[in-house]
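This report refers to the structure that appears directly beneath it.
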There are 2 protein chains.
Amino acid sequence: MPNVPAGGAGEVSGLGEFGLIGAVVGRFAVTPDVLLGPGDDAAVVAAPDSRVVATMDLLVEGRHFRRDWSSAHDVGRKAAAQNLADLVAMGARPTALLVGLGCPPDLPVDWATGLADGLADECALVGATVVGGDVVRSDHVVVAVTALGDLEGRAPVTRSGARPGDVLAVAGRLGWSAAGLAVLGRGFRSPRVLVEAHKVPAPPYAAGPAAAVAGATSMVDVSDGLLQDAGHVATASGVVLEIDTATLEVGQPLADAAAAFSADPLEWVLRGGEDHALLATFPPGAALPDGFVAIGRVSAGEASVLVDGVPATGLGGHDHFRS
Amino acid sequence: MPNVPAGGAGEVSGLGEFGLIGAVVGRFAVTPDVLLGPGDDAAVVAAPDSRVVATMDLLVEGRHFRRDWSSAHDVGRKAAAQNLADLVAMGARPTALLVGLGCPPDLPVDWATGLADGLADECALVGATVVGGDVVRSDHVVVAVTALGDLEGRAPVTRSGARPGDVLAVAGRLGWSAAGLAVLGRGFRSPRVLVEAHKVPAPPYAAGPAAAVAGATSMVDVSDGLLQDAGHVATASGVVLEIDTATLEVGQPLADAAAAFSADPLEWVLRGGEDHALLATFPPGAALPDGFVAIGRVSAGEASVLVDGVPATGLGGHDHFRS
């Protein structure tokens, strides 16, 4: 940690805006995609495909994370992960992040550097890095992340390409984050594996580009819940997505926590968000890439989601203004 | 405006997250650079140069704008302008914006759509558009903007290329935003031209790529104040920037307001931020592009800024945690 000037020692106000930026930029890797990194009016990032895939998420303290539950490193990893997941859900290779941090002047410098380390560590999982951003003062901590990626010559895999006859498949965990939130909400800190899953999702990064290579006809990042995100694909594609719950894996920690709370673990699996699994459709007969498990099929009809043949009602998931 | 469901009629909580997104995306132009617009996990934007220029700014209510001073349309224009200015300061052609909006549930829908219209209108000045973003709940209004641009085959114009002997030149207004803020801060609403300049900057967009074409050796967006941003260039380039104040235009509205407030208009010109003028250096003998006026020169020596031969002390400008 750099020397902290007098006045708010150990707090970001002591470093000032430019001191804070100086304290974090050295923590970000310089990858071959970084043509001009932090420190100028803008960054320059390689876009070898001549197209760039871009997505943005905003995380607000008290809504998307709690500083008493999650470390700064956790928040950094989560903020990066949910954006990187959006990129791989298009079949893209993530290249770079831009990060805006709004924070109160008394935020500990350690928190800001911990956030930077979390962002850097999550980026490192996919070979990406942070190339720029902004730091401003705000009453609550706000983290804005934009992620950029490259399509490597492939067509983007959108939500609108699912066709009747396709296989519906998922890669990654479902319901773990929701179960972890339930655990934390009841005042517990364990099972740790669920709490960790809530604090830091583990998107199946490699499965996204692999699905694109394998010919996936549609793909979505499951951020709002399986049923809700399946609903988005059904609507965009104008098809019916049929889910067979018998094929959905209910992890043992979920089953255990559900038993302890008298909850139905399948509800977490079907409606829990923030695990950032990938839901994709593949042409009939296509070999599913590593990590994908078939959970149903696509059929013709009015856009909807069927769960074991029954129309899903109240698709659940998260609406930021209604919960 | 779309129909507003019961519950928080006219407020964003009545529309919900997806309803709000639906109410704004139709306001954004579809330009040839938009290969996949809003509505999927991520957008796809053309990057014909095979590099993408990217920058992000965060605007926080009460720090960067006040809803009683600025309309939503003003805030949208300003949020777009300050990011677009960063792109043109690299010599890039702006292509696309991503916008994150954090807002309280009782925010009027009209405010959100006004913001979108302001973003769209400012983007239209440069042929860019909004391709994606995020909407979340927060106590105060927060606007995060990422802007993407294309270098059209040129090298980016950084802060580090100024060389002794270069001509120092500026395009755009200086001090107008600071004067407008002084007017508003004293409870006045006029001179309108200054107040408008504070609420909506007018960056000289075309001058950025023109400077790059003309061989500018360095360039910076004057967002923090002429002296402070000149200091950034001096430091990055390892040179002395000499400013002749006799060459700096003091607009009549500035002179009038300064007289009324017993202020020194040159202080606004030298230290006022947020006008988003462009400060650039050109090789000796280069023809300055339209809009640029020579205001001094680059000389050798320890990195510093001289004002009429005197070292500038306390470069002024804005530090988000120290003001």
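The backbone N, Cα and C atoms fix where each Cβ goes, glycine too.
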_According to TrEMBL, which candidate in A:ASP166, A:ASP221, A:ASP224, A:ASP229 joins A:ASP41, A:ASP86 at the Mg(2+) 3 site_ = A:ASP221
*What binding-site residues from A:ASP41, A:THR55, A:HIS64, A:ASP224 have a chain B Cβ less than 8 Å from their own Cβ?*
A:ASP41, A:THR55, A:HIS64
_Within 10 Å of A:ASP224 (Mg(2+) 5 binding site) (Cα to Cα), which of the binding-site residues A:THR55, A:ASP86, A:GLU274 do you find?_
A:GLU274
_Using the alpha carbons only, what distance in Å do you get between A:ASP41 (Mg(2+) 4 binding site) and A:SER223 (ATP binding site) once rounded?_
32
*asked:* Tell me the Cα distance separating A:GLU274 (substrate binding site) from A:GLY133 (ATP binding site), rounded to the nearest angstrom.
replied: 24
*Using C-alpha atoms, which one of the binding-site residues A:THR55, A:ASP57, A:HIS64, A:ASP86, A:GLU274 comes nearest to A:SER223 (ATP binding site)?*
A:GLU274
*Where A:ASP86 (Mg(2+) 4 binding site) sits in the secondary structure, as DSSP reduces it to three classes*: helix
